[in-house]
Amino acid sequence: KIFLFLKDIGIYSPNNEAQSTAFFLLVVLLSFSTRLYKIMEPPHVCWDETHFGKMGSYYINRTFFFDVHPPLGKMLIGLAGYMTGYDGTYPFLKPGDKYEHHNYWGMRGFCASLGSCLPPFAYLTVLELSQSPTAALITAAVLAFGEDLLLTNFVHSDAAMLSPMVFRPFSAPWWFWLVLTGVNLSGALGVKFVGLFVILLVGMNTAWDLWSLLGDLRLSLIDFGKHVLSRVFGLILLPLFLYVTIFAVHFVVLNKSGPGDGFFSSAFQSRLIGNNLHNASMPEYLAYGSIITVKNLRIAGGYLHSHWHLYPEGVGAKQQQVTAYLHKDYNNMWLVHRSNDRDGEPDLVRHGDIIQLEHKETTRNLHSHLHEAPLTKKHFQVTGYGINGTGDPNDLWQVEVCGGRKGDLVKVLRSKVRFLHRATGCVLYSSGKTLPKWGWEQVEITCSPYLKETPNSQWNIEDHINAKLPNISLSVLKPHFLEILLESHIVMIRGNSGLKPKDNEMNSKPWHWPINYQGLRFSGVNETEYRVYLLGNPVIWWLNLVSLGLYVVMVAVYLILTLMCVCAEHCRVLMEGGGLLLLGWLLHYVPFYTMGRILYYHHYFPAMLFSSMLTVLTYGSAHPILTGFYICFSLCLSKPCSFYMFHPLSYGMRGPLAHDPDSTMAGLKWMDSWEF
């Protein structure tokens, strides 16, 4: 009876169009209902809403900000809020703040709707790989009953796996899916840089596809060339154009000065309405006798700054502090002098010149010596020394225009310059380290003996005042679109690499993820608060983990059967379709072991999607008894039951914590590392 039953509903039974459509509609209904349920709860800010909600507000107010990821996701969140009546005035200060009268359902509903598309897309993907509505339905059910994906708040277009080759080449449906794949690729990368992983997956699959076509003797070289060009257009040129367009819209919308200004160069800031450099005028080239501000080029490197306070006893020489300050301030002003003549004509400063920088407010010179720096012990201390501009030879600095030659001029905003200390041979450097309270928690400035060009040792002239020189409008120095596009990517990449875990800050490890070792607290801590905890459905996650090992064993067995010419159709599905899904899992998981940045539990979600689809294909290719057991276990018992048991974590709960017998989660804290 079991075998007759499996033959009738076999996981690889022929694809029935009516059955597929009915299953798909069921999946859509199930997915949207589980994700939109209680969408308004809790009525306060939860975890990442602090950032994404605030960024949505910035788009509505057209205020420039900085984030380490491309802008499409935040842009769409802002658009969703705007179209549903949110006015962009809520501050999103910290988790737990009440929304009160502010309209927040549109932004939450939009993110939940995107998450609701994952099970239907997974259904279509597995249906294409296996030609089995049953297998596709099980996959979608696995994802629909996963508590983890109920809380996804980012877009990742894994549906880009759908291959246009299932249709007659160059037909209308074929072009539709090819173009849609390209659109999805640009969308995936336009939201987060991890979209590169799915681009790599599609690229490898496309390369294999073209290699197979090249070996098809029935295909002429002209037709093969058409296949190559069509893929270049659909999978390279079109996604690249759309990706660049996303940034073009981003720069046009965010045209007002905001909290992101300081992360970018002075030239970039000159385009922003409300910035002090916007439509300003000043002399074009640096000259002696000028009053200037000097900005470091590392992310949030700050302005060269000094004040009347001295370094404390035991911290180098007890001379005036020199720091980097992140805000515009009068104490950022410096006077440029010749090394030997203070009253000459306003000659222009050139590459290779020896200068002195006098702090305008305190009249002390920028100075360095062989005392060690306060925090970076292998560097030298930088101080303010002397009085009324008189000091000693340790006040002399040589100007170096990066990439320049002797005699080149220093252009405000645009030239990258370094200041080499004549006496010690070190270079003026912003370490990025925050000084203690005696340094007003400003950024440490040192003189580095390591002369390699880095953003920490590169500076540009921002403000430039000299009454003896003619002014020009800074609008002529504004960077063009490709320059700001390149700069924004450099800043994002540096920002990503700078996201290091701080002391006592939660940092998830990649090995935690497949075993569901630890979740993520979205809202609330104690029993009086509304608590939401992000944790994967343990039955699904642990079954996925077992299936990865089972898949490897089954592939080895089927390879042997293939050599014996006794392997059936499901062998091909397992090795080709399953191989693609395994590659997707590896590409979205293994790279995180090489990353030094802080990691979070949700970084595993794209890999988990591939793992869940692979699980279904693996059990579907096993012995019929094992397949039947999995179908019954998945659809009838484990997934719905475990979803019901753990659903308070996702939808929210109040009352006693899990260790209390009266808690709704009593007895369900199966691992000590779970923090609910």
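Any Cβ shown, glycine's included, is placed from N, Cα and C.
These numbers come from a predicted model, not from an experiment.
Counting only same-chain residues 6+ beyond the ends of the transmembrane segment (20-37), those with a CB under 8 A from a CB of the stretch are 109, 112-113, 115-120, 123-124, 127, 133, 136-137, 140-141, 143-145, 150, 651. Per TrEMBL, the feature transmembrane segment maps to 20-37 (among others).
Annotation source TrEMBL lists transmembrane segment at 104-123 (among others).
What TrEMBL records for 135-155 (among others) is transmembrane segment.
Annotation comment: TrEMBL describes 175-208 (among others) as transmembrane segment.
Here TrEMBL flags 228-254 (among others) as transmembrane segment. The list of residues near the transmembrane segment (228-254) in space but at least 6 beyond its ends in sequence, with Cβ under 8 angstroms from a Cβ of it, reads 58-59, 62-65, 70-72, 75, 164, 170, 175, 178-179, 181-183, 185-187, 189-190, 199, 202-203, 206, 210, 260, 481, 484-485, 488.
As annotated by TrEMBL, domain 'MIR' applies to 283-339 (among others). The predicted model assigns the domain 'MIR' (283-339) a mean pLDDT of 92.
The annotation domain 'MIR' is assigned in TrEMBL to 346-402 (among others).
Annotation source TrEMBL lists domain 'MIR' at 407-464 (among others).
Beyond the transmembrane segment (539-561), the same-chain residues lying 6 or more positions past its ends with a Cβ under 8 Å from any Cβ of the stretch are 142, 145-146, 148, 514-516, 567, 571, 574-575, 578-579, 582, 585, 608, 611-612, 614-615, 618-619, 621-622, 638-639, 642. Marked as transmembrane segment by TrEMBL: 539-561 (among others).
If you look up TrEMBL, you'll see 573-592 (among others) marked as transmembrane segment. Beyond the transmembrane segment (573-592), the same-chain residues lying 6 or more positions past its ends with a Cβ under 8 Å from any Cβ of the stretch are 12, 129-131, 158, 161, 194, 197-198, 200-201, 204-205, 510, 513-514, 548, 551, 554-555, 558-559, 599, 603-604, 606-607, 610-611, 613-614, 617-618, 620-621.
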